[in-house]
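> What Swiss-Prot records for this protein is below:
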BINDING   Asp19, Phe20, Asn21, Arg35, His58, Leu59, Gly60, Arg61, Arg116, Arg172  substrate binding site
BINDING   Lys225, Gly316, Glu347, Gly376, Gly377, Asp378, Ser379  ATP binding site
Amino acid sequence: MQTIDKFNFAGKKAFVRVDFNVPLDENFNITDDTRMRAALPTLKKILADGGSIIIGSHLGRPKGVADKFSLKHIIKHLSELLGVEVQFANDCMGEEAAVKAAALQPGEVLLLENLRFYAEEEGKPRGLAEDATDEEKAAAKKAVKESQKEFTKKLASYADCYVNDAFGTAHRAHASTALIAKYFDTDNKMFGYLMEKEVKAVDKVLNDIQRPFTAIMGGSKVSSKIEIIENLLNKVDNLIIAGGMTYTFTKAMGGKIGISICEDDKLDLALDLIKKAKEKGVNLVLAVDAKIADAFSNDANTQFCAVDEIPDGWEGLDIGPKTEEIFANVIKESKTILWNGPTGVFEFENFTHGSRTVGEAIVEATKNGAFSLVGGGDSVACVNKFGLASGVSYVSTGGGALLEAIEGKVLPGIAAINE
């Protein structure tokens with residue numbers, strides 16, 4: 001398999017798929033440029049070799065052309081980060097993109113407009129009537145799949161080689177993340193540095209396990225984490241359940257949870273997971289106490305109580321001090337750690353203490369030789385907020401992609417390079 005380190009980009013044009021899906025404020029200023037910075041090593045290596053770059057990315061989830069999702073808003077900052085004046089094409093498919101790509105000289109960079117302005121990027125039909133028949137839907141899908149081939153071929157035609165550095169979209173079989181790779185032979189397609197690091201980190205957590213292995217799963221819904229939890233039960237020694245999922249498990253075991261978030265239709269599922277953990281010899285660690293509030297608000301009245309004795313009208317919004325200690329002790333004794341999802345309602349300052357404690361325990365374990373992988377939107381926000389990111393082994397940029405990889409799924413963006 002080709003690697004970016006071995007490849008010489010001198011005199012070559014590289015199509016680089018990045019994930020510049022960055023948050024913008026109402027004045028189109030970038031509020032967090034982490035994803036842009038993450039791609040810099042790859043982009044700078046190509047330029048240092050004497051290559052030129054055509055950058056493809058998406059921004060948001062537009063259903064067509066929309067100014068607020070235009071990548072033109074990030075050109076100035078990207079130019080500053082790269083130290084090169086980045087050119088911009090107002091399209092991906094039209095004459096402007098083709099002409100500018102053809103004219104690129106070594107050391108130059110061209111940013112294409114948002115790939116998702118085109119239905120062909122995702123390969124899903126747009127603009128169907130709500131009452132469209134199954135036949136109409138099928139015809140529209142067939143049509144977009146056909147035009148997707150032309151779209152992909154056109155993108156590939158701009159470049160001599162292809163670099164995928166967008167782990168955040170690796171779980172999507174989109175035109176620019178997977179299908180395009182077919183137009184380049186094995187020697188001319190490769191992962192960027194970020195993608196390489198992500199793939200190695202996931203591989204280490206799943207296949208090169210130093211024990212004890214502890215996974216901390218937060219988040220509000222058991223239903224969205226079920227496949228991950230089931231896959232992890234075959235791998236981990238300890239599985240810590242945190243966040244809103246706690247109360248579904250607590251209620252399933254007969255506890256009183258007040259008005260805490262709960263998936264009533266998943267109580268049997270929670271019991272089944274408890275049973276499976278027992279059968280596999282996995283230590284399933286659940287909260288014993290909670291920080292509860294009389295309203296879903298940062299300013300609500302709060303108290304601590306046993307997690308299964310929450311009074312009516314109150315809801316659990318974070319773990320309590322006894323649980324913090326239990327979780328921290330398990331984490332500190334671990335040698336491989338995966339953290340996905342905070343322990344409480346992280347958006348409210350008064351309910352971040354549990355997440356901070358977990359983060360600090362992970363940093364301590366890492367100092368003592370553990371490998372720690374933090375991934376999935378909110379847990380990444382946690383370690384960044386508390387200044388702990390530098391103390392863990394790896395912070396993943398991919399939310400959904402990371403979770404699907406941990407579920408054991410083959411990611412199309414990775415498979416396309418390996419083929």
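Cβ from N, Cα, C; glycine included.
Distances, neighbours, how buried they are, the whole picture for these features please.
Contacts of His58 (substrate binding site) defined by a Cβ separation under 8 A and a same-chain sequence distance of 6+ are given as Asp19, Phe20, Asn21, Asn114, Leu115, Arg116, Glu121, Thr169, in order along the sequence.
Under the DSSP three-state reduction, Gly376 (ATP binding site) is assigned to coil, being neither helix nor strand.
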> Which ones in the same chain are close to Lys225 (ATP binding site), with CB under 8 Å and 6+ residues apart in sequence?
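Looking at Cβ-Cβ distances below 8 Å from Lys225 (ATP binding site), excluding near sequence neighbours, one finds Met217, Gly219, Met245, Asn340, Gly341, Leu403.
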> Distance check, please: Cα of Glu347 (ATP binding site) against Cα of Gly60 (substrate binding site), rounded to an integer number of angstrom.
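So the alpha carbons of Glu347 (ATP binding site) and Gly60 (substrate binding site) sit roughly 21 Å from each other.
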> Would you say which of the binding-site residues Glu347, Asp378 has the most Cβ atoms within 10 Å of its own Cβ?
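Max Cβ neighbours within 10 Å, all protein chains included: Asp378.
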> How big is the Cα-to-Cα gap, in Å, between Ser379 (ATP binding site) and Gly60 (substrate binding site)?
21
> With a radius of 8 angstroms around the mean position of the C-beta atoms of Asp19, Phe20, Asn21, Arg35, His58, Leu59, Gly60, Arg61, Arg116, Arg172, what other residues of the same chain does the substrate site pick up?
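The surrounding set, listed in chain order, is Ser57, Asn114, Gly168, Thr169.
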